[in-house]
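A short write-up of the structure that comes next.
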């Protein structure tokens, strides 16, 4: 009898402690959509068929394929595969595994100032006004291509991002590190 | 147990883990004193030679500068100025290959010495005690001094350290093979170095100053000991020779037993390290007022006749250093900047000496062999034994090869000092350091990308929120004033009523209403892209249409004159005929609103543009509007050909007059041309619309350009653009089988006609002509393949209607072409094309 009471009260006390701890020290685990969204490259290019990276993240969370992101390349597919616990597969549509990063460039003397590209840009990286020349803030450009099609005079080029000393990578065997006799 | 301070004073030294003993090779260059070189022919001064931002340019091309004059001005954010190493003229400011393994071009000032070597007035100081802390920092900052040991960290930042400094460590170790620059500097200028140390002492007030020199430099040790005898706080420590004891963290460990925490800097443990070269520069700046314009560079290696240390002006080309010391290159000669362990092979010898260049090594093929082929890792763990940072090089190598970047970070890749000891001992000749360097760059890039992605996301979200807000506001505006909105609605209903009554009269009620409804739906769908009176326009168009049908058909036969107006009229008529045909085929009336406005604009503009230059702008606007319209229309297959035809004509006519007056219109013309090209390209993608569409625009462009190119050289560019656009279009068109014939053929003609005029002026157009020729060849091939079916299933009327005008215009051009012999070829091409076309027409059982 005493044993039952003792055990019961212990159980009650521990239950209360645990219950309190669960409320007090709740760990905010970010939902799967957030995690997927964090992996996606945020170009907002819509090449996956969704109107942005977040909608695609939601779709992936709901079981869509993970290989629809050409700007992310194979690296993104791999990360998504790890996160979602599915097999990594090559990019859909035979896209390149390692895409070259580009930024939009407006040939400014050909621009007629129609503002169509400004409306198309998902990250507000184009500045300009009606009948004024437009230009791209290349630091903000995600290289999504969305401004190229609306341009009525085809004055937007997608140029590969220029290499700087900061982005330059060593070539294996470029320097002399070897035995000296 | 002694305290740390006592232990150090008693001469205790500690050991860092690992290390290697590569052959010294120092005796090559440490016998001769530091030499002075003759002035080079030019100096290349990169704006950025240190870690941090570069200063702002304060000189311009052509300016004459004196020795020691500042060329850039520091502007915060760790920026340092650079100075003219000698007097002379600034001959250029341009991007030049930089002293970096990539040799990526970097903005540099190119100075041509005048040989006089005239100094600017220098402010000398004899007593530093009278100078304030900030004054000293400013002197060091404005002298452009950066760490000369290799990293190039701005010295004024270090000297202005806010944290308490327990030990000031002076790095005279110079552990890398071959290099003797610091050794010779200490032997020859020990007094100045000690003066520099005392400047630092005043700035940082350390408890103890430790000068670390490897015991393979006895002359330097004795010189330094002699120079600092008077200062009891300075201790000269001879440390055992072991690579890489010259590494900042290793030297701190050897001298003070302290360990810099992972990811930290020496200041975290109260230590500050300065290189002897930097301190020499500090003493020059403070006492003599001289900015950093030269440094000691070891020029050594077996291919150098007189290997020794030289005073090299910053900006001297490596080639000048090598040539002055007698350079005899061998086969597959390599020139290394830095030492053999940590340096990099220069891609060119036309690279300047910068503030961090301490050695130029020109080895022959035996002393520094090409690295052998990488073999498999045998897991001998020799690399782990020699790693001075106690990392696991072998493990890091696997992760680097597998691109497992988060694992690499877990294994503290960023604590790697890239000393190369692991690569040096590896029996399989695995270039371990290279793998780490690549991986480090990769991780850094990923981090930058992560930041960028985050920023893009924020911007995207902000934009979405803004758009939503705008939409909500728009909605609110409509709902808030229902009374006002109701009235127009009632009026609209009335109009609709009237319209329907009118329509009834004509016996076409259902079609009109359907059209109106569609138009309305469309308007709603794309949110007021079209003006409000579209309904009226539509109505009018509908009404006029049938009456014109008959008239238009009659006119097509009559119009043959070259007069612009009649051509336009003919075009309009033809378009209408075609449209009528289409309309009767399909119940969709989507094209009706587009056509009449175009016609109206055309007639209006014909007279208008002749008088007023301002109308160029209007014309441009119209052109844009049309381009947009056309693009939209061409997306719907069945209405494609009719609407596009007249605008093109209209624009053409309008521009003919316009371009004669105003050079500005060239730009407008260019814009129109591009718009057309794009439109055409789009149109040709849609199968059944392709035929009619591509043809007239091309014609129009041709007519327009005929006049345009005669006047303005800028138009050459326009012509080129058109040619390109056409080529693109042709390529696209030829992909679709049934549309291939008509679209490809006439554009080629058009280009030909256009180029006739153009080629007279500009040799560049030869290239364009060649492109046209190629396009034609391709076209011919395609034509041969093209199946006849498409001729059968397309309406014969439109074909005739659209192909005729080009012929007319070309005929008109022909008298002119006789003047120029080159045109013979073009004329021949036209003739051929015509013959071909006729053949096709007959083949296709054309009733005409």
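We number each residue from 1, going along the chain as drawn.
Cβ coordinates are placed from backbone N, Cα and C, and glycine is handled just like the others.
Straight from TrEMBL, the features:
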- B:367-397: domain '4Fe-4S ferredoxin-type' (DOMAIN)
- B:377, B:380, B:383, B:426: [4Fe-4S] cluster 1 binding site (BINDING)
- B:387, B:416, B:419, B:422: [4Fe-4S] cluster 2 binding site (BINDING)
- B:407-436: domain '4Fe-4S ferredoxin-type' (DOMAIN)
- B:467-492: region 'Disordered' (REGION)
- B:542-824: region 'Disordered' (REGION)
- B:552-565: compositional bias 'Polar residues' (COMPBIAS)
- B:602-615: compositional bias 'Basic and acidic residues' (COMPBIAS)
- B:790-799: compositional bias 'Polar residues' (COMPBIAS)
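TrEMBL feature annotations superimposed on the structure.
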residue	record	DSSP (3 states)
B:377	[4Fe-4S] cluster 1 binding site	coil
B:383	[4Fe-4S] cluster 1 binding site	helix
B:416	[4Fe-4S] cluster 2 binding site	coil
B:422	[4Fe-4S] cluster 2 binding site	helix
Residue B:383 ([4Fe-4S] cluster 1 binding site) versus residue B:419 ([4Fe-4S] cluster 2 binding site) - Cα distance in angstrom: 12
Long-range Cβ neighbours of the domain '4Fe-4S ferredoxin-type' (B:407-436) (under 8 Å; 6 or more residues past either end): 18-20, 22, 243-244, 247, 249-250, 262-263, 341-342, 371-378, 380, 382-383, 385-389, 391-393, 395-397, 399-401, 443
Averaged pLDDT, computed only over the residues in the domain '4Fe-4S ferredoxin-type' (B:367-397): 89
Neighbour tally for residue B:416 ([4Fe-4S] cluster 2 binding site), based on other Cβ positions within 10 Å of its Cβ: 22
Residue B:416 ([4Fe-4S] cluster 2 binding site) versus residue B:426 ([4Fe-4S] cluster 1 binding site) - Cα distance in angstrom: 16
Sparsest Cβ surroundings (other CB atoms within 10 Å) among the binding-site residues B:380, B:422: B:380
Euclidean distance between Cα atoms of residue B:422 ([4Fe-4S] cluster 2 binding site) and residue B:380 ([4Fe-4S] cluster 1 binding site), Å: 12
Residue B:383 ([4Fe-4S] cluster 1 binding site) to residue B:422 ([4Fe-4S] cluster 2 binding site) - Cα separation in whole Å: 4
Number of other Cβ atoms within 10 Å of the Cβ of residue B:419 ([4Fe-4S] cluster 2 binding site) across all protein chains: 26
Residue pair residue B:422 ([4Fe-4S] cluster 2 binding site), residue B:377 ([4Fe-4S] cluster 1 binding site) - Cα distance, angstrom, rounded: 12
Cα separation, residue B:377 ([4Fe-4S] cluster 1 binding site) to residue B:387 ([4Fe-4S] cluster 2 binding site) (Å, whole number): 16
Residues flanking the [4Fe-4S] cluster 1 site, with Cβ no more than 8 Å from the Cβ centroid of B:377, B:380, B:383, B:426 and excluding those residues themselves: B:378, B:379, B:381, B:382, B:393, B:394, B:397, B:422, B:425, B:427, B:428, B:430, B:432
Rounded Cα separation (Å) that holds between residue B:416 ([4Fe-4S] cluster 2 binding site) and residue B:377 ([4Fe-4S] cluster 1 binding site): 20
Extra residues within 8 Å (Cβ to Cβ centroid of B:387, B:416, B:419, B:422), [4Fe-4S] cluster 2: B:18, B:383, B:386, B:388, B:389, B:391, B:393, B:417, B:418, B:420, B:421, B:432, B:433, B:436
Surrounding CB atoms that lie within 10 Å of the CB of residue B:377 ([4Fe-4S] cluster 1 binding site), all protein chains: 17
